[in-house]
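Here Swiss-Prot flags CYS51, CYS54, CYS70, CYS73 as Zn(2+) binding site. Swiss-Prot lists 47-321 with the feature domain 'CoA carboxyltransferase N-terminal', giving sequence analysis as the kind of evidence. The zinc finger annotation in Swiss-Prot covers 51-73.
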Amino acid sequence: MSIKEWFEDKRKITALLKNSVERDSKDANETEKNKNKSIDYAKIKKLWAQCDNCENLLYLRFLRENQSVCKECGYYLQMNSSDRIELLIDRDTWRPMDEDMYTLDVLQFYSENEPSHSDNLNSEDESYKDHITFYQIETGLTDAIQTGIGQLNGLTIALGVMDFQFMGGSMGSVVGEKITRLIERATAESLPLIMVCASGGARMQEGSFSLMQMAKIASALYIHQKEKKLLYISILTSPTTGGVTASFGMLGDIIIAEPKAYIAFAGKRVIEQTLGQKVIEDFQVTEHLFGHGLFDLIVPRNLLKGVLSELFWFYVLRSSL
């Protein structure tokens, strides 16, 4: 190799190394930019929410003050269980029950096709236990319901509030057991009972253990309502579907629904495929169902506590006669 060829090869190698360094630097910058975007998005998510109906951005602080109702279009956004409890229960009177109850993966359920929910769960090999852990971290709850005893305008009640943010409010063995224990305590202490429903139905990862909860809860309610003659009020919020609708959701002595809530057993597409015909739009919305006698009341959120208070005091007065 001549000196000229040696210098030419050295120049080419230097150029290649320079391009490689520049490319690595560019990739690092892109990664940093994406990281910053992710951080910014996380910050935005903690401060703002988007209306599902009109798509306006809503400042979370003002949204909570307005009970998660969009000021622009009046659409009812989903409320988490803690906000619901704050809405209904008098300050400093809430006593939670069974907070130490955790779900076990009895069936060792495993699905390669389930989508990931976060960067922490980016594997195709996510187990049911992984999903439970993710939602526990994300929501601060142990499962998809909070139960407890509290006072509503001075009257002691038993309250269960489902949380759709935890695996779509699906009902598994823990949710069913917590509801059953709440009903049994309300029965033992002669307390009126409220259940706030928000659920996609039975939790498929628990199979028959999940479906069994429907019968177990219904049996506990039978004793509470029929044998002990105690009041049970069911509040249906959007969405309430599947096994929850087919069990305790529709077993209330009084059934209350929020305006424009989606309430169903099976979805529109499933019904159309089963019947082989089209169904009308919005036939599973509160107002349409109310017109066909499925509910007793449609109550806006800002009036709910007052309406419940009147119903309970009327019940107490009637019971004392």
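Placement of Cβ uses the backbone N, Cα and C atoms for every residue, glycine included.
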In the same chain, who gets a Cβ under 8 Å from the zinc finger (51-73) while lying at least 6 residues past its ends?
79, 83, 87, 301-302
Let's see if you can do this one: DSSP helix, strand and coil counts over the zinc finger (51-73), in that order.
6 helix, 4 strand, 13 coil
Cβ within 8 Å of the mean position of the Cβ atoms of CYS51, CYS54, CYS70, CYS73: remaining residues of the chain near Zn(2+):
ASP52, ASN53, GLU55, ASN56, LEU58, LYS71, GLU72, GLY74, TYR75
Same-chain residues at least 6 apart in sequence whose Cβ lies under 8 Å from CYS73 (Zn(2+) binding site)
CYS51, ASN53, CYS54, ASN56
Which residues in the same chain, at least 6 apart in sequence, have a Cβ under 8 Å from the Cβ of CYS70 (Zn(2+) binding site)?
CYS51, ASN53, CYS54, ASN56, LEU58, LEU63, TYR76, LEU77
Which of the listed binding-site residues (CYS51, CYS54) has the least company, meaning the fewest other Cβ atoms within 10 Å of its Cβ?
CYS54
Confidence summary for the domain 'CoA carboxyltransferase N-terminal' (47-321), mean pLDDT rounded
92
